[in-house]
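S.K.: Marked as domain 'Vta1/callose synthase N-terminal' by TrEMBL: 16-158. According to TrEMBL, the feature region 'Disordered' maps to 160-233. Residues or ranges marked as compositional bias 'Acidic residues' in TrEMBL: 169-180. Per TrEMBL, compositional bias 'Low complexity' is recorded for 185-206. The domain 'Vta1 C-terminal' annotation in TrEMBL covers 266-303.
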Amino acid sequence: MAALAPLPPLPAQFKSIQHHLRTAQEHDKRDAVVAYYCRLYAMQTGMKIDSKTPECRKFLSKLMDQLEALKKQLGDNEAITQEIVGCAHLENYALKMFLYADNEDRAGRFHKNMIKSFYTASLLIDVITVFGELTDENVKHRKYARWKATYIHNCLKNGETPQAGPVGIEEDNDVEENEDAGAASLPTQPTQPSSSSTYDPSNMPSGNYTGIQIPPGAHAPANTPAEVPHSTGVASNTIQPTPQTIPAIDPALFNTISQGDIRLTPEDFARAQKYCKYAGSALQYEDVSTAVQNLQKALKLLTTGRE
């Protein structure tokens with residue numbers, strides 16, 4: 001992909017979107033679709049914050065130029081031309097990054113790259129809002145990922161061993177501003193100003209997330225979206241691919257014949273199409289389990305009219 005024109009310095013008003021822009025920059029060569037939607041989120045959010053002052057207008061204008069250049073380069077990519085495909089792509093990507101970090105956490109392997117993966121997953125869930133309101137599950141994943149990034153960072157910073165897996169925290173978690181806190185050795189591009197590409201965990205919300213229950217992470221495949229570098233600064237943390245657990249298929253689905261009196265609404269067809277798109281996106285990451293689950297949901301909806 002051709003290099004994008006650099007952005008001007010980030011206005012102070014746009015501090016809240018600096019990490020989304022950095023994530024976009026990091027994905028320019030890794031996944032251009034993710035990079036595009038991260039910039040789109042930053043653009044939409046920036047317009048709401050300040051679109052009138054000269055420095056903000058100039059920044060947003062340059063960001064718009066990047067978006068148009070990216071859209072032209074991506075051409076007829078369905079993840080750009082069809083919202084439902086783009087949403088499925090982004091959700092699956094964010095989930096894979098979350099599951100990688102969650103698996104590392106549950107295995108007691110604490111390092112900067114897993115902190116970065118938790119935090120980046122939360123940023124990508126922010127980006128999903130360009131398609132509409134988040135599901136309750138995504139909201140919980142975002143809160144949990146940001147809290148986990150804060151909690152593990154604080155523990156490592158203080159020389160303490162974090163508690164693995166889901167854990168309730170009763171007190172607030174304040175994180176000091178520290179550029180190195182989540183620097184997970186993911187590549188950055190020289191075209192992005194440092195003011196918009198510094199990892200700043202002080203922006204992570206603090207609070208009590210007791211009671212948020214995240215289901216056990218499925219084993220991330222070898223090619224997780226995080227594309228973890230070989231050197232994470234922690235010895236003996238090599239990720240080994242593990243067999244995936246395929247969900248049991250309901251035998252009744254094989255014998256189900258659509259009843260003549262079932263009337264499917266346009267919304268039913270749209271939901272079924274969404275499940276199929278999710279399945280296709282999951283297969284891009286070799287996630288058979290998620291693909292099967294979504295195909296079963298689509299089949300049940302189309303044959304029974306219920307989910």
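Just so it is clear, glycine is given a Cβ too, placed from its N, Cα and C backbone atoms.
Automatic prediction, not curation, is the source of TrEMBL annotations.
A quick note: this is a predicted structure, and the numbers were derived from the prediction, not measured.
Are these features on the surface or tucked inside, and what touches them?
M.R.: Restricting the average to the domain 'Vta1 C-terminal' (266-303) gives a pLDDT of 79.
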S.K.: What are the DSSP helix, strand and coil residue counts for the domain 'Vta1/callose synthase N-terminal' (16-158)?
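M.R.: For that range the per-state counts are 120 helix, 0 strand, 23 coil.
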S.K.: Counting by DSSP, what is the helix, strand and coil composition of the domain 'Vta1 C-terminal' (266-303)?
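M.R.: The composition, in the requested order, is 35 helix, 0 strand, 3 coil.
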